[in-house]
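Q: Attaching a single structure in structure tokens format; questions to follow.
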Amino acid sequence: MAAAGLHSNVRILSSLLLTMSNNNPELFSPAQKYQMLVYHADAIFHDKEYRNAACKYSMALQQKKVLSKTSKVRTSTGGAASNIQAQSLPSEIEVKYKIAECYTILKLDKDAIAVLDGIPSRQRTPKINMMLANLYRKAGQERSAVTSYKEVLRQCPLALDAIIGLLSLSVKGAEVASMTMDVIQSIPNLDWLSVWIKAYAFIHAGDNQRAINTICSLEKKSLLRDNVDLLVSLADVYFRAGDTKNAILKFEQAQMLDPYLIKGMDVYGYLMAREGHLEDVEVLGGRLFNISDQHAEPWVISGCHSFYSKRYSRALYLGAKAIQLNSNSVQALLLKGAALRNMGRVQEAIIHFREAMRLAPCRLDCYEGLIDCYLASNGIREAMGMANNIYKTLGANAQTLTILATVCLEDPVTQEKAKTLLDKALAQRPDYTKAVVKKAELLSREQKYEEGIALLRNALANQSDCVLHRMLGDFLVAVNDYQEAMDQYSIALSLDPNDQKSLEGMQKMEKEESPTDATVELDGDDMEGSGEDGDLEGSDSEAAQWADQEQWFGMQ
């Protein structure tokens, strides 16, 4: 029955037989009892009762010790049949692996490591070494993780996830490639593998542009064209490089090829929410929940929808739920950190951003979140130290220059330095939106409106961005060009109907153009204000509701 997958039937029958064995120990042989315990534990594992399953597997191992003692006695008296029977029994190593699997699901990582460490190195199968490597990496034991990943590759040279694991732990791409050289030469049509390794080496080294170029060269090859995993990786690298347009494009392409795709959709949902496409984000989240609610991605997507709808308490709950499902979800940590920061819980937010940095040291948005927290708590010195560290570690590219300039803008003493850094960033990438925004803010402070208008028009020549259109509207108002300012606000609102600043700019202009209606509009404003107070009251009750749920789930 176990082989036929009749788990519920196996559970009932094995329970009855084990009770009979307990009442009459002579009824079954030690080998039979061991086999029944393993079958019973397997059935419980299938029912997702992992703590109970781990207990039953441990009982099976105790029974195996009894069996080993009796088999030694029988072997000495020449029991050949007992040897054949012992060979057909479930492997003790496999049982230990199942116990470790239970502990991993229960988030008892130390217990899982202890069980697997108890298996002699020579007896460890590739899947045991892979689980050990992932557990070591999660626990910060990088040297042990590297050893285990290398052992997986020694046994299975095409274990690509093990290759990614090694590259993420700063093992050189050339060293990893050398471990796969024999298999590349012996199997036809594997010439792409060395290029694939090179691409992921660039990704984990933070060299985004070379990673993009290498993946594009792979993707153009006819045999690997339209590979979903490559497209998702390419989209993710575009995102890391700050190229939102191409990132969204590649995510959409991957999604069209695989409608059931979950991997990477949390980043896609975040980008869509940030761009103001909240209705599309809501649809995406609902669709992913229908595919699987046991992955972090749909929870993160719904959390991003709540965050950009300014429902921070709900975003906090959804981010915490995503972390509960996958503690290594960088996007979930960033979501929860951002929600905590916007709720004024800065110190808690810092903890989450630091953990995200540990998991993804080459993702600049992790550092940006932490710097925002430092600036929010007037920690300019800490923010400057972090920004300088990023600049020195990852080099002078448009993103790192803009991050450093952002911190410099907070201190009047370093305004000129900020200007120089932004000019360097824009010289490298004239279309980098964050650099354009910061440079425009600086020009606005200096009241250099014509220069700001020229900067924004140049940036908008090859892209359409809500923030840039809104800022251009603000600059045009400053030079009394009200008609075009109104047009720019309208374009901004068409891109993001929830952009409050564009709406405020448009309403302010309408008031100035209609002075006779000022009294009426003032009354309308008062009414809107009372409505906002009502919203805030609802927000407080909602915050209490979600905070209660969060406490119930143990997520604080």
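Placement of Cβ uses the backbone N, Cα and C atoms for every residue, glycine included.
As listed in TrEMBL for this protein:
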type	residues	note
REPEAT	228-261	repeat 'TPR'
REPEAT	330-363	repeat 'TPR'
REPEAT	466-499	repeat 'TPR'
REGION	505-556	region 'Disordered'
COMPBIAS	505-514	compositional bias 'Basic and acidic residues'
COMPBIAS	520-540	compositional bias 'Acidic residues'
Q: Mind checking which residues of the chain, 6+ beyond the ends of the compositional bias 'Basic and acidic residues' (505-514), have their Cβ under 8 Å from one of its Cβ atoms?
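A: Non-local partners: 470, 473-474, 477, 482, 485-486, 489-490, 493, 521.
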Q: Per DSSP, what is the residue tally for the repeat 'TPR' (228-261) in helix, strand and coil?
A: 27 helix, 0 strand, 7 coil
Q: Roughly where does the repeat 'TPR' (228-261) sit in mean pLDDT, to the nearest integer?
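A: The answer is 95, the mean pLDDT of the model over that range.
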Q: In terms of Cβ proximity under 8 Å, which residues at least six beyond the ends of the repeat 'TPR' (330-363) contact it?
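A: Same-chain contacts beyond the flanks: 203-206, 240, 266-267, 270, 296-297, 299-300, 303-304, 307, 312-313, 315-316, 318-320, 322-323, 369-370, 372-374, 376-377, 394.
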Q: What is the three-state DSSP composition of the repeat 'TPR' (466-499), stated as helix, strand and coil residue counts?
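A: Helix (H, G, I), strand (E, B), coil: 27 helix, 0 strand, 7 coil.
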Q: Take the repeat 'TPR' (330-363) and count its residues per DSSP category (helix H/G/I, strand E/B, coil), listing them in that order.
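A: Secondary-structure breakdown of the repeat 'TPR' (330-363): 27 helix, 0 strand, 7 coil.
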Q: Using DSSP, how many residues in the compositional bias 'Basic and acidic residues' (505-514) fall into helix, strand and coil?
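A: When I sort the residues of the compositional bias 'Basic and acidic residues' (505-514) into the three classes, I find 9 helix, 0 strand, 1 coil.
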